Amino acid sequence: MAKKYAIVKELDEAVNLKDGTTVLQFETRLQGGLECGGAYLKYLRPQDAGWKPKEFDNESPYSIMFGPDKCGATNKLHFILKHKNPKSGEYIEHHLKYPPSVPSDKLTHVYTAILKPDNEVSILIDGEEKKKASFLSAEDFEPPLIPSKTIPDPDDKKPEDWDERAKIPDPDAVKPEDWDEDAPMEIEDEEAVKPESWLDDEPEEIDDPEATKPEDWDDEEDGEWEAPKIENPKCEIAPGCGEWKRPMKRNPSYKGKWSPPLIDNPSYKGIWKPQEIPNPNYFELEKPDFDPIAAIGIEIWTMQDGILFDNILIAKNDKVAESYRETTWKPKFEVEKEKQKAEDEAAGSARLAGFQRKVFDVLYKVADIPFLSKYKHQILDLIEHAETQPNLTIGVLVSTVVIILTIFFKLIFGGKKQV
């Protein structure tokens, strides 16, 4: 069931993102996987932006949102910058284009965003750079931080006589006299001949001869009993049964509904677009106007539980973040990886053991088949040998099949060599 979670931690001192490098880093472990939901952090603006810790929710204003988000076809490491337009005063969400995917396992992973003074942001997963982008590039953020210089005029309207049709039906075209719109698509193949062995008097289905009327069938209550139908076995070896009909073939005279051919439209003016006017909200920007971070919030919607967050770090030096990855995340990750490997191997062994048990059960039943009684002792020896060495299960199964085939051929050919 989908649930919402929210928790916030205020920082002792707000972090200024405008000066030098800033590193945002945290660890997340999805113990039950992440089918649909988020596992991201919100880096919140100061409270004078209009929020209170006890009332923290999805409307609380943030500067950056960063972390995993997955649902359906969506699987990405979100990075969203909320930036204020100095002309309009409006805060706009700018999403990183083509963000990296989130690892699909259940281990702890560390996510890092490095904001650099040259307007570049670098996204790392487990210390490996997965994405590099420029805050001021329209190719990297949607919508771009710097608006376009012009916008379509909202008051410009398409003229009523504007023709956007590139092609039109030829008004001078006339349907040919021999064009038959009523001709069928298919006709009988007059050249087809009924096969000589066709069984005209045999129905395609017959009553099941092995079916019997149920003992508790009451004709008065249940009606007259009728045997279920089965396919007529005589029809399986014949070309066909019942009434023979000529097969259908495509009608060479079929043309369908007539329509005039298309010609270039002499009145075509192209696809209409409103004229461009100067964008009143346009501004130039040398560096993003980052709002400071005053708190860190976990505000997520998810359909899974068991999402763990750890080692949430804000640093002004990427070497500090690297040191945390090496000393806190990496040892933990290696232990989890080895444990997961052992669990996977154990699960695989359990599945194999279950398969082997079923194989042995079948082999014991095979040994009791009457016509194999002469070889029962030999088969039992093989089974007992395999149970002490389970890796021989497939070999024993093959050996048993060979014994059965040998006896089978002896029964057919009498144990004598063929000439």
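A Cβ is built for glycine as well, from the same backbone N, Cα and C atoms used for every other residue.
Those TrEMBL annotations? Automatic predictions, nothing curated.
If you check TrEMBL, you get these features:
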| type | residues | note |
| --- | --- | --- |
| COMPBIAS | 152-177 | compositional bias 'Basic and acidic residues' |
| COMPBIAS | 178-191 | compositional bias 'Acidic residues' |
| COMPBIAS | 198-209 | compositional bias 'Acidic residues' |
| COMPBIAS | 216-225 | compositional bias 'Acidic residues' |
| DISULFID | C36-C71 | disulfide bond |
| REGION | 135-227 | region 'Disordered' |
| TRANSMEM | 392-413 | transmembrane segment |
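Note: C36 (disulfide bond) has non-local neighbours A2, K70, C71, G72, T302, M303, Q304, i.e. same-chain residues 6+ apart with C-beta under 8 A of its own C-beta. If one looks beyond the compositional bias 'Acidic residues' (198-209) by at least 6 residues along the same chain, the residues whose Cβ comes under 8 Å of a Cβ in the stretch are 226-232, 234-235, 238-244.
Applying DSSP to the compositional bias 'Acidic residues' (198-209) sorts its residues as follows: 0 helix, 4 strand, 8 coil.
Neighbour count (other Cβ atoms within 10 Å of the Cβ, all protein chains): 14 for C71 (disulfide bond). Secondary structure by DSSP for the compositional bias 'Acidic residues' (216-225): 4 helix, 0 strand, 6 coil.
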